[in-house]
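Asker: Dumping the structure here so I can ask a few things about it.
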Amino acid sequence: YGPPSLSEAADAAAGTSAFCPINPSSRHIVERQSRMLNFRVEYRQRSVELVVEEGSTVGEIKQILETELGVPVSKMQLKGWKSGDVSDSMVLRSLHLPKNNSLYVLTPDIAPTASTSKNSALQDSLNQNFLLVISHREAQRDYNLNFPGSRTIQEVKRNISDLTNIPVRHQQWEGWPASASDDSMTLALSGISYPCHHLSVCRRSSPANAQEPTEECADVHMISDSEGDDYEDASEFGVDDSEMFGVGSSSCRKSPMMPENSENETDALIHFTSEFSSRYGETHPMFFIGSLEAASQEAFHGKARDRKLLAIYLHNDDSVLSNVFCSQMMCADSIVSYLSQNFITWAWDVTKEANKSRLLTMCTRHFGSVVTQTIRTYTTDQFPLLLIVMGKRTSNEVLNVIQGNTTVDELMMRLMGAMEIFTAQQQEDIKDEDEREAREMVKREQDEAYRLSLEADRKKREAQEREEAEQFRLEQMRKEQEEEKEAIRLSLEQALPPEPDEESGEQISKLRIRTPSGEFLERRFLGSCKLQVLFDFVASKGYPFEEFKLLTTFPRRNITQLDPGSTLLEAKLFPQETLFLEAKE
């Protein structure tokens, strides 16, 4: 963590004098104390100020509030955490909180009295969605963003930082009401207009300019330097800069719409549907769960009377249009009903580059390179897209590509236009199918056709048997390889030296290793242990040295490139370090 600053030392000394007497003979010695966090907690018409150590838990804060507010912990919901809901056992240090924080208590099981009706309205406003129309003056562009009332002003500014590349500390705002004086304040408490509020933002040109607000903006939130000091020590918590400022991902999004490395398309679509429902509610088109090939089969390759159009929805979280398109277009009752009756709707998320490449490969295979090239021409800001595909005898045709900047009425008109074209083609297909079935019925009555059918069945059976035999052979090879890997892993696990006790008195290095799946491996090693012991431990957990590399965070170092014979002390992995595993290319 490094030596404390003068202000931290002063705070530490002040904290010591508040809780225990100081020996006069040792006043010249100032020991570093635990970092103290300030909390302002709102409950109905009351406000409570708390100062706790960052080593405390969320549950301990609730116990203090139980004494102050007279609300049982079991009926208390503590909201306002920037990372979302947290458990009572969560240690405050692990949340990487700034020094000053604002929280609020909800008690849905306790009916409000007449004196708390105002707070009841506040709780309702926290659950409302606010539409912020934010004008980026330099780019001459407007962003329409939906936020729940529980979002803070600081989180909105971080979102705008993602969209405009203007760091929060360099943003200059107009349009915030005078009551929005604290960036930790929620939108519901800030005094903005509901359901829509207009703001504008630009980059602060210089410190001199930032100190001279114009006269016509009495409600200007001029310069966004708030919370700046809270991020200066982010490295001491092991937090990456990109994570701290939300670069590349909106702070409103809790999780990606689709995981980047799903094993199959079915799992990806299940996750997509679940996340879509979580964000926008249960009223939405019924997304087809399965591969694009399966969706095409369902739409195009049944009886002509049963065929439907295929609607391919392409989502991109990096587009500012996605939120509005999903909530207002895709979830509109008329659109949901029309798509359900006339379309097979299949969806994919192209936010991640790997998922986009996977989609383009699928489109090339099923629709040809023209469709793939068409998708490539659209920029991120033009997403989301809704592709309307119609099946034909020899190929599939994209009838329409609907971009995200549309209205419900326009979207419905374009869907109905596609249906008119499809219905005309369907009638021709039904007529052709009826004639073809009549001819085939006559042909099936002939003995020669019967003989050929038997021959085809025999060949198909033989091919299936060969395929099953080949699959069995490959499965056996796979099992043997897995057994061999497991034997190596077990031998490494058994050969590991025992984990040293923290109280052993020797130099102990405590290592925390993040796996590619996001889980953490933790173990203590002697500081004199060789790096090879660390490599063997990681390999015993299923991450062999040949396939994975072990990296430090700050500064980024590839530990697997060091001499396996060197010690943890020599490799500067003492007394504790957080590492992460990354697959070798």
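Just so you know, the numbers here start at 1 and follow the chain as drawn.
Each Cβ is built from the backbone N, Cα and C atoms, and glycine gets one as well.
So TrEMBL says this about it:
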- 476-488: compositional bias 'Basic and acidic residues' (COMPBIAS)
- 37-106: domain 'Ubiquitin-like' (DOMAIN)
- 504-581: domain 'UBX' (DOMAIN)
- 476-510: region 'Disordered' (REGION)
Asker: Helix, strand, coil residue numbers for the domain 'UBX' (504-581) per DSSP?
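Answerer: Helix, strand and coil residues of the domain 'UBX' (504-581) number 13 helix, 28 strand, 37 coil.
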Asker: Determine which residues of the chain contact the region 'Disordered' (476-510) at the Cβ level, with the cut-off under 8 Å and only residues 6 or more beyond its ends counted.
Answerer: 522-529, 533, 536-537, 539-542, 544, 568-569, 573-577
Asker: Give the residue counts of the domain 'Ubiquitin-like' (37-106) per reduced DSSP state, in the order helix, strand, coil.
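Answerer: Once the DSSP states are binned, the domain 'Ubiquitin-like' (37-106) shows 19 helix, 27 strand, 24 coil.
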Asker: Going by DSSP assignments with H, G and I as helix and E and B as strand, what are the residue counts for the compositional bias 'Basic and acidic residues' (476-488)?
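Answerer: Looking at the compositional bias 'Basic and acidic residues' (476-488) with DSSP, the answer is 13 helix, 0 strand, 0 coil.
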